[in-house]
Every structure is written in C-alpha cells, then in structure tokens.
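A.B. asks: Below you will find the structure I want to go over with you.
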Amino acid sequence: MGFGDLKSPAGLQVLNDYLADKSYIEGYVPSQADVAVFEAVSGPPPADLCHALRWYNHIKSYEKEKASLPGIKKALGTYGPADVEDTTGSGATDSKDDDDIDLFGSDDEEESEEAKRLREERLAQYESKKAKKPALVAKSSILLDVKPWDDETDMVKLEECVRSIQADGLVWGSSKLVPVGYGIKKLQIQCVVEDDKVGTDMLEEQITAFEDYVQSMDVAAFNKI
C-alpha cells in the first residue's frame, strides 16, 4: 500500500485519485492517518488536483488540533491504494552529514535507479487503470430552511431569488412552504451540489444577500450521495 512518492507529481496524482470519492484517508472524520499523509506532502497540491487540494486545505485547518485527532499514526505504507508502493522519503539519504556518506555507494546508486524504474512502472500501470474508470464526482444532497422577516414577506419572490442563484455544480430541486407560527412560513428547498465546487457557506452568503426577503438560512439536512 502507499501513494508512491508524495513529494512528486506522480505521487500527488495517486493521492488525488484516491480522494476522488473520499473525504479522509481513513473513515469519515479527520484522524492520525490524515496527519501522517499530510506531513509527507511538501506543500499544497496544484489546483488541477482538486480532490487532493480540497483534502490538504481541510486537514491544514486542524493544524493546532492534529495531536488530539483520533487514531494512531502509522507508516505511510499502511495507507492508500493496495497496488501502489510507498516511496516517499526514499531520497532522504541526500540530507545526511558528510561523515555518513558512503564513498563506495555505486551499487546502492544502481539499486536506487532500479527501484526508481520499478516505481515508475507501477505508477504508470496504476494511472492506466484509473484512466479507464470514469471519475467519481463527490456530491451532497442539502435541505435548506430559508426564513423570511415576517408574514408579509412575498414568499413567491423569495423563492425566485433563491433559485436565481446559479453556479457550476449546483442544481435546485423541489421546495415547499412550512408553517413556523404566527402566520409565518419558511421556504424549505432541496439542492444537490458538487462538494468541490459549492459549499454551504457560499449558499448562505448568496441567499442572505437578498436581505429584503431573507432573515436567515439554516441547513436542515445534509447527506452525501
């Protein structure tokens, strides 16, 4: 198991593919598995590796709490796809002190080249397999509660304003008015979003911008698809 060399573009690509249908390295909450892989990555993945970049930024937000995240940090080779070998840090000997340098290391260099060739072959095979599979897009179904100011608010106009919000990765669904008391009704509206493109913060910001109609917005239900 592993991701190849996480300091290389090929290794980051493996990580990106692995996270295409996952929020975390293991399970459904941040854990020491995420910390171990995060620390092996030298910096933010490029923008075209959207799944890896999403995960990196999310785990980075736990920087102060990482020691308290659940689980036990294990070797990198215990995480990731089963058919990829971990090679991150295989070049760490470059940082040794001069006293530790093997002046007769030609055999090791030959072995290193052989290991590199095998690794590149395995990664090429893995990429070939992944290329044949359709990319999975992580989506969520969200139910929003949109509350008006009072019973005189034009709810038809309020819904028109909400549905006027358009974004790549956002699809509006069914809606209904739900009584909340004192003659006031709230708008309950369903939407499906692509997780990497649309978030609840963005929805709240744009919906509450219609301040003539909208008092507040809450997430009533959130489910991964």
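Cβ coordinates come from backbone N, Cα and C, glycine included.
For reference, Swiss-Prot lists these features for the protein:
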type     : residues : note
COMPBIAS : 96-113   : compositional bias 'Acidic residues'
CROSSLNK : LYS147   : SUMO2 cross-link
DOMAIN   : 2-84     : domain 'GST C-terminal'
MOD_RES  : LYS7     : N6-acetyllysine
MOD_RES  : SER8     : phosphoserine
MOD_RES  : SER42    : phosphoserine
MOD_RES  : THR88    : phosphothreonine
MOD_RES  : THR93    : phosphothreonine
MOD_RES  : SER95    : phosphoserine
MOD_RES  : SER106   : phosphoserine
MOD_RES  : SER174   : phosphoserine
REGION   : 80-114   : region 'Disordered'
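Please situate the listed features within the shown structure.
C.D. replies: DSSP assigns LYS147 (SUMO2 cross-link) to a strand in the three-state reduction. Sequence-distant contacts (6 or more apart, same chain, Cβ under 8 Å) of LYS147 (SUMO2 cross-link) comprise VAL180, ILE184, LYS186, LEU187, VAL214, GLN215, SER216, MET217, ASP218.
Per-residue pLDDT, averaged over the domain 'GST C-terminal' (2-84), rounds to 88.
All protein chains shown were included, and the count of other CB atoms within 10 Å of the CB of LYS7 (N6-acetyllysine) stands at 16.
The number of other CB atoms found within 10 A of the CB of SER8 (phosphoserine), across every protein chain shown, is 18.
Sequence-distant neighbours of SER42 (phosphoserine): residues of the same chain at least 6 apart with a C-beta under 8 Å from its C-beta are LEU6, LYS7.
Taking Cβ-Cβ distances under 8 Å and a sequence gap of 6 or more within the same chain, the neighbours of SER174 (phosphoserine) are ILE189, GLN190. Under the three-state DSSP scheme, SER174 (phosphoserine) falls in the strand class.
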A.B. asks: Per DSSP, LYS7 (N6-acetyllysine) is which: helix, strand or coil?
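C.D. replies: Coil, per DSSP.
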